[in-house]
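**Q** Taken from Swiss-Prot, the feature Mg(2+) 1 binding site applies to Glu90, Asp109, Leu111, supported by sequence analysis. Annotated Mg(2+) 2 binding site per Swiss-Prot: Asp109, Asp112, Glu271, in sequence order, evidence recorded as sequence analysis. Residues annotated as substrate binding site in Swiss-Prot: Asp112, Gly113, Ser114, Ser115, Asn199.
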Amino acid sequence: MDQGQTLSVLLDSYAVDPQKKAVAAAVGAIAAGSIEISELIGQGALAGITGAAHGGSNADGDVQKDLDVKAEQIIVKSLKDVPYAALASEESDTLLDGDPNAPISIAYDPLDGSSNIDTNMTVGTIFSIIPNQPGVKPFTAAGSCQIAAGFVVYGPQTSLVLTLGDGVNIFTLDRKAKVYRLIRERVKVPADTAEYAVNASNHRHWEQPIRDFVDECIAGADGPRAKDFNMRWIGSLVAEVYRILTRGGVFLYPGDNRPGYGNGRLRLLYETHPMSFVMEQAGGAASTGRERVLDLTAKTIHQRSPLIMGSIDKVKRIELLHTDPSAASRSAPLFARRGLFRV
C-alpha cells in the first residue's frame with residue numbers, strides 16, 4: 001500500500017466475497033462514526049459535551065457519561081446499513097439483533113475511557129468483527145475466530161488501528177478531507193523496550209506472580225533484569241495499546257483479590273479480544289497470565305478477563321512466573337549489581 005492511501009481504497013480492495021464485503025462495510029461505517037465522535041470530543045464543552053454523568057448506568061454497572069450515550073447512538077446509526085446478525089455493546093444489557101443470516105456480528109465499546117473526558121485525556125472506540133454461523137449463538141466462539149478488529153484513538157491526532165487478519169495498519173484522520181489515510185503499514189511491536197504499564201497502586205492486591213514481575217522491573221539494573229525500566233500508566237486502554245504497538249513494552253491489567261476484580265475489569269468481547277487480536281497480528285502476545293486471551297470464550301456479553309499484552313518476551317516471563325513460582329528471583333543478593341549471577 002502507498003503512504004497516504006485512504007482507508008476506503010484498502011477496504012474496496014479487500015471486499016472480494018460476501019463476508020469480506022460485510023466486514024469492509026462495518027469497518028467503513030465505524031470509521032465514519034468515529035469521525036463524528038472525534039468532532040464532538042474536539043468541541044468538548046463548546047458542544048455541550050462533558051464527562052458529567054448521564055444519570056444512568058451501562059450494562060456493566062459503570063456510570064454512563066453524556067458522551068457514552070452520544071457515541072453509542074452514533075455507532076448504532078452508522079451501522080444501520082451494514083449486514084450484521086447481532087451487535088454487542090458495552091452500553092447495552094442485551095444483544096441488538098439484526099439479520100440472522102448476515103455474515104458477521106460486531107462487538108464494540110463506543111467510547112472507551114470516557115472518565116478521561118473532563119481531564120482532556122485520550123479516549124477511544126474499540127471493535128471486533130466475527131463470522132456469523134446461522135443457528136449458532138453469536139459471540140460464543142473463541143477470540144481466535146475474529147476476522148477483523150481495531151480501535152480508534154482520539155488524541156492529538158485521531159488514529160485508526162486496524163487488522164483484517166493479515167497484519168496491522170495505522171491510519172490517521174485527515175481532518176480537512178474527513179478521510180483516514182495510511183501512515184504505518186504492517187506494524188510490528190518492538191521486541192526489546194524497557195517499559196511496563198500497570199496501576200502500581202494496586203500492588204498489595206495482586207497475585208504473587210504479578211508482584212514478582214513488577215518488582216523485577218523496579219529493581220532495574222540492580223535486579224535480575226539487569227536494566228532500568230520506565231513505568232507508564234495513562235488509565236486509557238486505547239492509549240496504552242497504541243503506545244505498545246509503536247514503542248514496545250508490556251501492559252498489565254491483571255485480576256486481583258479485591259471484590260469484583262478477580263478477572264480484572266476489562267471486558268472480553270469488546271476490549272480484551274479485539275486488543276489481543278491486534279497485538280498478535282503485530283507480532284506481540286496477549287495472555288491472562290495463565291492462558292492465551294484468544295483461546296477464551298465468552299459465557300456472557302460483559303464477561304471480564306485479565307489482560308497482559310505486549311512484547312512476547314515480557315508476556316512469556318509473566319506466564320512463567322505463574323506456572324513456575326521458583327522462577328522468581330526474590331533472593332536479590334545473588335542477582336544484584338555485585339551479585340554472583342545475572343539473568
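Backbone N, Cα and C define each Cβ position, glycine as well.
Any idea what these are sitting next to in the structure?
**A** All protein chains included, Glu90 (Mg(2+) 1 binding site) registers 26 other Cβ atoms within 10 Å of its own Cβ.
The Cβ neighbour count for Asp109 (Mg(2+) 1 binding site), using a 10 Å radius and every protein chain shown, is 31.
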**Q** Among the binding-site residues Ser114, Ser115, Asn199, point out the residue whose Cβ has the most other Cβ atoms within 10 Å, with all shown protein chains included in the count.
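**A** Compared across Ser114, Ser115, Asn199, the most Cβ atoms within 10 Å surround Ser114.
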**Q** Checking the contact step here: among the binding-site residues Asp112, Ser114, Ser115, which have a Cα within 10 Å of the Cα of Glu90 (Mg(2+) 1 binding site)?
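**A** Within 10 Å Cα-Cα: Asp112.
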**Q** Report, as a single number, how many Cβ atoms besides its own are within 10 Å of the Cβ of Leu111 (Mg(2+) 1 binding site).
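**A** Neighbour count, Cβ to Cβ under the 10 Å cut-off: 29.
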**Q** Looking at Cβ-Cβ distances, which residues of the chain lie under 8 angstroms from Gly113 (substrate binding site) while being 6 or more apart from it?
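**A** Counting only residues 6 or more apart in sequence, the Cβ neighbours of Gly113 (substrate binding site) under 8 Å are Met121, Thr122, Val123, Gly124, Gly235, Ser236, Leu237, Val238, Ala239.
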**Q** According to DSSP, which kind of secondary structure is Asn199 (substrate binding site) found in, if we only use helix, strand and coil?
**A** coil
**Q** Cβ within 8 Å of the Mg(2+) 2 site's Cβ centroid: which residues qualify beyond Asp109, Asp112, Glu271?
**A** Glu90, Tyr108, Gly113, Gly124, Thr125, Ile126, Phe151, Leu237, Val238, Leu266, Arg267, Tyr270
